[in-house]
């Protein structure tokens, strides 16, 4: 059972004009698993997510979802579970249409996928809001009336509307305040444990990825340089670049940070 | 601390609808009223016009107003008033034809071109450019010869000629929103392109298109009147342009005859333009409420005496209150902050968004956003109260003794000037160096902040360097005048983590080298632990706890500090993977 793969990305290459942004990338996600994807800006981590979502052209390679290649299949042409792959994006301020109410935002995927009539979809809104701990009276309000954390909860509720087996989360907490971030992370974990949804969790923050992931992949310049069990990659990395990432992130403890800084400088000196 | 019960604050003034805002603007109300009058006149022309517009009464040729002809008679003895009333109908139908044709063609083409781009955009832009290059009036005159005297046909063709205006506007707007994340989210949800355009994109272009429509309607009326004035209309149909022409021919017999159609045309066109302006103003007001500076409440008036400077304290903030105008009162964002920064220290100002940390720092720099004001309290810098300084004195102080490093390096460099030029100028202004001296100093500083090729960076434009390099450039600029105090607002937040480590290291070295005192605004406790000596934790405009970092991290006193430190995701237990029991779907 644990060898079953929900998503199997194999040797994917993507070019943006002259830029080779993904180079032979391979990655798999098991059902109910979180795979963290860490990297710095321009590493191509967001592009993998977009390729899986079907909103980015793949030049070569395969993306198997439940055994079927979905690379270059646009979301609206997907069928079965592949049609229910959802996303939560980074910026909660631009990922919700400012001129639609929360109810319109949440019912739209259900109506578009024809899994519910408009009336049935509206009935589900309360349940969706409840799942992300938002009050039911949020339905008739507009996104601008909510804080960043609350908007991100709306985005999560929208992703849940189709009962997905996979959600691509692209930096979903990096625009949030520290305490909000922690609560939204807990919500992600709680939903996964309850529903068995799998996450591809893209982030630049190793600590965030460690908190939620079962396995972690590290990207640099379009390649995956390390992919393994979460604890190993985030605590005892093998690849020099992962080590550098780990030691560069300041830890919230002056004494340990002094050690970490020293270790980072030693690593830099070696390089 | 759950968000379940978190109240959702009532939204600000932008709640009021666009229509409401337009009608509350006196000019908007007047323009709307006049347009409605003209529209009603056009619709109910048969009921309003007292006479048949074509009926000729030979003894009323050029008769003065009165005697059954409200505005007098024209050169053929027809009732000018009745002709104007019917003219409103014909003129508006003509203008409407032009506007509808222009908007339908232009908006549709613009939506598709903006959304799909590629060959579609290339082709439609060629057509649009070609149409714009054609002189409209000459085309209309030529077609009049070919197609005959139908003003409606002419206005239809004029509509095609006007469509590039709508096309370009719509295409630009669509390109602006099509990369928004909510469009991606809609695609992921499985919406078809048509549905995305109708549901998500059309909403955005709606208001600007209404404005454009109003302006184009005005243009169409003027051009139509012009064509008829040149005699290109259907003489049997009363229109404003036709009446004007008739009046013009009779000007020496009945000078008033040109006044009425002239008034009708200019009032209608002016109303349309004013309405467009009112809508535009309303849209902008919706985004940013207009500022009227309300009176400062008496409770702030009591002057706080600046404290006597304490030995070794460089920056002494006492009971600082910062507020922004909000309706008829003030909304405080910093409520009485007191903080002492000793010479040579790095003090972290840490908190979540809305905690007032940036506002406190900006109050020191005297760089509060529009309307922001220090209502009470004092900011003593090296023995002088900054709140009592004039704008000029502050400008002299900033850049020379107090420097600033912003959060977004790229948006703080002007993209149209070379980096070197942007750095040389402030040094010449602030330090009074010659151009050559300033350049030498800039190159020296660029080398000092670790840029591998200072000369090349000096000659580069901002877009040619990376974010990390841009931040080094800004740090070089800030430190170049050897300031006493450096205020850094989230200086590493926009940077990658490895670049952040390098920039923090650089700040640490520069601080030693230049004996700088640093106030570091940040939300990141890792950054605080790395570089700060002391830290003040802010919450909702107040400092809840202030301490040396060792004590603050090992023994946080305030519950809020403990909550924040508890939210730091570090050394958490790693989750163990279990395959879901059944083929599990979300709820």
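Positions of Cβ are set from backbone N, Cα and C atoms, glycine also.
Checked against TrEMBL, the range among B:69-87, B:126-144, B:183-201 recorded as transmembrane segment is B:126-144.
For the ranges B:236-257, B:258-279, the feature annotated in TrEMBL as transmembrane segment maps to B:258-279. Listed as Cβ neighbours of the transmembrane segment (B:27-49) (distance under 8 Å, sequence separation of 6 or more from its ends, same chain) are residues 21, 79, 81-82, 85-86, 88-89, 91-93, 264, 267-268, 270-272, 274-275, 277-279, 281-282.
Long-range contacts of the transmembrane segment (B:150-169) within the same chain: residues 90, 93-95, 97-103, 105-107, 109-110, 113, 124, 128-129, 131-132, 134, 136, 139-140, 143-144, 205, 208-209, 212, 216, 219-220, 223-224, 227-228, 232-234, 237, 239, each at least 6 residues beyond the stretch ends and with a Cβ under 8 Å from a Cβ of the stretch.
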